[in-house]
Amino acid sequence: MNQVTIQWDAVIALYILFSWCHGGITNINCSGHIWVEPATIFKMGMNISIYCQAAIKNCQPRKLHFYKNGIKERFQITRINKTTARLWYKNFLEPHASMYCTAECPKHFQETLICGKDISSGYPPDIPDEVTCVIYEYSGNMTCTWNAGKLTYIDTKYVVHVKSLETEEEQQYLTSSYINISTDSLQGGKKYLVWVQAANALGMEESKQLQIHLDDIVIPSAAVISRAETINATVPKTIIYWDSQTTIEKVSCEMRYKATTNQTWNVKEFDTNFTYVQQSEFYLEPNIKYVFQVRCQETGKRYWQPWSSLFFHKTPETVPQVTSKAFQHDTWNSGLTVASISTGHLTSDNRGDIGLLLGMIVFAVMLSILSLIGIFNRSFRTGIKRRILLLIPKWLYEDIPNMKNSNVVKMLQENSELMNNNSSEQVLYVDPMITEIKEIFIPEHKPTDYKKENTGPLETRDYPQNSLFDNTTVVYIPDLNTGYKPQISNFLPEGSHLSNNNEITSLTLKPPVDSLDSGNNPRLQKHPNFAFSVSSVNSLSNTIFLGELSLILNQGECSSPDIQNSVEEETTMLLENDSPSETIPEQTLLPDEFVSCLGIVNEELPSINTYFPQNILESHFNRISLLEK
């Protein structure tokens, strides 16, 4: 009897299991009812109660049994009434379970199935975090991913919202983990807002909004490491060759490597251009197996490629000249970064070096041929020399010391000629300033025959000599050898009489007004009113000297008609009175009018400097001395 009962239990269990595998317990034809409190889906770790109520015809159940996943529960079962029982679970932690209950009826050899139900426990979704949308180069899709948080253990759905910032159009995409959105379906421009909403039976959460620009989320095509080689240089180095099919110009990459026995990655970063095959150099330990990975991103952007598949390379024990070897690739993505870089061409590795070597050989051969031609061909050598002489400046090959060709000598000669031409102008500016001026009076000297010889002529003259003597200022010109020291003095006041006729003749020079015609003697008509001592020079010398002073001083602009008349009179007296026997002091008196004109020539006021340059007077007095001799 017991064996029959066991067989019936096995048949019922197999039937239930078969029915569950083809549709679940919920498809069983129930002879009662089963329910779960608080719900069939609940938060993991809660206390739950499962109720079973029988509704079998012609059966008053003696016992009610609970099964979880095909295993009979023997504890925590409570009989509520004749047809109902309860199974209680504390801190239920199983994500999924299948529950059913049976009843023992009188006059039945096996348990009768009442009903069954699936229960689930889990968690509400976390807020989706780290929402990322990228466009892999050449894919044509925008791939959006996010961090879903902890596992919910129950069915959770995610809705991706994409809203255009330009057209305000919003699209929703239902998914369970990530989503690929065709770029052709994004017709709302380049700028979008993206956010993710997560929901399950226990709750709903929404992520933050992500603003994207379609041009900023492009990731270059994957980089691939192709081969490695170790070169025996001064210090052995390993070169890793890698490439990418990207069309993006500015790309930043990272390469990481480590020994297979090590857990720490070494990372190098660099910028590159995939016009050429990339070469990354490493100085590694010999006889050690290393692993390499690489990834890239568009320069200045946020998103990186996933790490490339693993590439293995073992450094040799004794480094040969060049060792090349390709290794298998393992697919493994994660990690850190690195690499220093030099570029090589897309052709073979040694082709660039061979081309450089051939170029150097051709250049050396051509140079040797040209050198031999220059040595044995004289005309060729002469032609080259002429062309070189035309190109280089003359001062590189002129005779040294050939001073006549020197530019410095020519410059000095030009400066010397310029100074000689301007010497007459420069001498006007180098004379010292006259700082001492004194007034003197001529002492009275009255010989015994003074009244007899000169009374008549003095009384018969119509010329107003008293006014001239009172108002005229003269300048004393001393001997040339002692320097020029002018002295200004006035004649004796009115009522004083000179005692010597010779003194009057030498100091006043008062001929008749009509004795000389200004039109017939233009050489003398422009001289100022001044007098010279006749004891030192003759009348001819005085005439020449006065003419030269006229040319130098150009007194026509400053001499008044009265002064010109006095000049004519004084010149006449110089020509008439040339007695060398008279003894008069060597002192020359110059009128103020003459000195005033000289001050104007020097562009200075006569009241400040009533003199003229000494060198000019010296030159003219030297000429007078020569005429005397």
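Each residue's number is its place along the chain shown, starting with 1.
Placed from the backbone N, Cα and C atoms, the Cβ positions cover glycine too.
What Swiss-Prot records for 1-23 is signal peptide.
Here Swiss-Prot flags 24-355 as topological domain 'Extracellular', drawing on sequence analysis.
Neighbour count (other Cβ atoms within 10 Å of the Cβ, all protein chains): 7 for N29 (N-linked glycosylation site). If you look up Swiss-Prot, you'll see N29 (among others) marked as N-linked glycosylation site.
The Cβ neighbour count for N47 (N-linked glycosylation site), using a 10 Å radius and every protein chain shown, is 12. In the three-state DSSP scheme, N47 (N-linked glycosylation site) is classed as coil. According to Swiss-Prot, the N-linked glycosylation site annotation covers N47 (among others).
What Swiss-Prot records for N81 (among others) is N-linked glycosylation site. According to its DSSP assignment, N81 (N-linked glycosylation site) is coil. The Cβ of N81 (N-linked glycosylation site) lies under 8 Å from no Cβ of any same-chain residue at least six residues away in sequence.
For the domain 'Fibronectin type-III 1' (127-217), the predicted model reports an average pLDDT of 94. Per Swiss-Prot, the feature domain 'Fibronectin type-III 1' maps to 127-217.
Of all Cβ atoms in the shown protein chains, 15 besides its own fall within 10 Å of the Cβ of N141 (N-linked glycosylation site). Following the DSSP three-state reduction, the secondary structure of N141 (N-linked glycosylation site) is strand. Under the heading N-linked glycosylation site, Swiss-Prot lists N141 (among others), citing experimental evidence as support.
Under the three-state DSSP scheme, N180 (N-linked glycosylation site) falls in the strand class. N180 (N-linked glycosylation site) has a Cβ environment of 13 other Cβ atoms inside 10 Å. Residues annotated as N-linked glycosylation site in Swiss-Prot: N180 (among others).
Feature annotation from Swiss-Prot assigns domain 'Fibronectin type-III 2' to 219-318.
According to DSSP, N232 (N-linked glycosylation site) sits in a coil region rather than a helix or strand. Feature annotation from Swiss-Prot assigns N-linked glycosylation site to N232 (among others).
Cβ contacts within 10 Å of N262 (N-linked glycosylation site), excluding its own Cβ and spanning all protein chains shown: 12. Feature annotation from Swiss-Prot assigns N-linked glycosylation site to N262 (among others).
Taken from Swiss-Prot, the feature N-linked glycosylation site applies to N273 (among others). The local packing around N273 (N-linked glycosylation site), expressed as other Cβ atoms within 10 Å of its Cβ over all shown chains, amounts to 12. Under the DSSP three-state reduction, N273 (N-linked glycosylation site) is assigned to coil, being neither helix nor strand.
Taken from Swiss-Prot, the feature transmembrane segment covers 356-376. Long-range contacts of the transmembrane segment (356-376) within the same chain, counting only residues at least 6 positions beyond its ends with a Cβ under 8 Å from a Cβ of the stretch, are 384.
Swiss-Prot lists 377-629 with the feature topological domain 'Cytoplasmic'.
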By a simple count, how many Cβ atoms lie within 10 Å of the Cβ of N232 (N-linked glycosylation site), its own Cβ left out?
14
Rounded inter-Cα distance in Å - N262 (N-linked glycosylation site), N29 (N-linked glycosylation site):
62
Quick one: pull the CA-CA distance for N273 (N-linked glycosylation site) versus N180 (N-linked glycosylation site), whole Å only.
29
Going by DSSP assignments with H, G and I as helix and E and B as strand, what are the residue counts for the domain 'Fibronectin type-III 1' (127-217)?
6 helix, 52 strand, 33 coil
Helix, strand or coil at N29 (N-linked glycosylation site), per DSSP?
coil
Inter-residue C-alpha distance, N141 (N-linked glycosylation site) and N180 (N-linked glycosylation site) (nearest angstrom):
6
